[in-house]
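Engineer: Relevant sequence annotations retrieved from TrEMBL are reproduced here:
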type	residues	note
REPEAT	24-108	repeat 'Solcar'
TRANSMEM	27-45	transmembrane segment
REPEAT	123-211	repeat 'Solcar'
REPEAT	231-318	repeat 'Solcar'
Amino acid sequence: MAASHRTADMALPQAEVNWDRLDKTKFYMVGAGLFSGISAALYPISVIKTRLQVVGAESVHKTAGTIFRHIISTEGIKGLYRGFGIVITGAIPSRMVFMTSLETTKAATLKIAEKMELPEATAAAVANGTAGLVSSMASQTVFVPLDVVSQRLMVQGTVGTTQYSGSMDAVRQILKADGIRGLYRGFGMSVLTYSPSSAVWWAAYGSSQRLIWRGLGYGSRDDVEPPSQAKMVLVQASGGIAAGFVSSIATTPMDTIKTRLQVLKSETEGTPTIAQTVKQLIKENGYRGFYKGLVPRFVSMSLWGTSMITSYEFLKRLSVKQEE
């Protein structure tokens, strides 16, 4: 059987909705609200992860649990949402760029993979991985300034950080000190962190989901009943967990360097370089320091990935053009 036929058999139209089948207006409008809600629910985990990555060796708050208790006791619940306002403000344009790039790139790459007659799971991994890489790079131009400001607010109160009265004050101080470049501090490292992470996540998700569907008998026989909504959610959630595990292991070191580069000052009070940041991290914690925040990052990526992908796939099914 030709690769294109195998891919078509496994496409599972009920579970996988391609770009050309979407009502774009509904897709963007419903998606904006959906992902804003998910961001709000999972934001506190990002705050704790970020604090873990920048905490110094002299701090008494070195675990996720102690950091959580410290934030609650000193700042209350609002401390878990530092910087959330600016993140949610920029989430809509950033997500629109990401989703558009993701779906169009995936569709184009899948056609190329089919022509190359790649195995089914491999074709899915290549198409999804390429789409994840391209869409992440495109969205970084919108996301990085928001990330810089929100992370500066997240770590207020820790050693080596600046105090701000709010998001706009942070923007003003950053622009005054470093100009527009200050808002793109760590841009290169952010691209090196999030783009490979996105590529690995989407590649792992695409291939693992296809393997799970094949294990359940879809694509190999013609007499299999269409999957139920519950089965689709379960398979997609399982793929999200697998993708979160693979990508968190692969990318936490780069994420730790990127976070410290964005929020800490160098020993000379200037803007630190990547080399200075790496050297200081090794000095403080050894090479295991590159995996500071691994557990909350894995939890965050798994929860976010599972919530995001099941919601995203549901959003696409909800946004199928009415004539279908």
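Here the Cβ of each residue, glycine as well, is placed from N, Cα and C on the backbone.
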Engineer: Which sequence positions outside the transmembrane segment (27-45), separated from its termini by at least 6 residues, show Cβ-Cβ distances below 8 Å to it?
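Structural biologist: Same-chain residues near the transmembrane segment (27-45) but 6 or more away: 80-81, 84, 87-88, 91-92, 95-96, 99, 296, 299-300, 303-304, 307-308, 311-312, 315-316, 318-319.
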Engineer: By DSSP, how many residues in the repeat 'Solcar' (24-108) are helix, how many strand, and how many coil?
Structural biologist: 73 helix, 0 strand, 12 coil
Engineer: Could you give me three numbers for the repeat 'Solcar' (231-318), the DSSP helix, strand and coil residue counts?
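Structural biologist: Tallying H, G and I as helix, E and B as strand, the rest coil: 75 helix, 0 strand, 13 coil.
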Engineer: What does DSSP give as the helix, strand and coil breakdown of the repeat 'Solcar' (123-211)?
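Structural biologist: Residue counts in helix, strand and coil order: 73 helix, 0 strand, 16 coil.
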Engineer: Looking at the repeat 'Solcar' (231-318) alone, can you tell me the average pLDDT?
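Structural biologist: For the repeat 'Solcar' (231-318), the model's average pLDDT rounds to 80.
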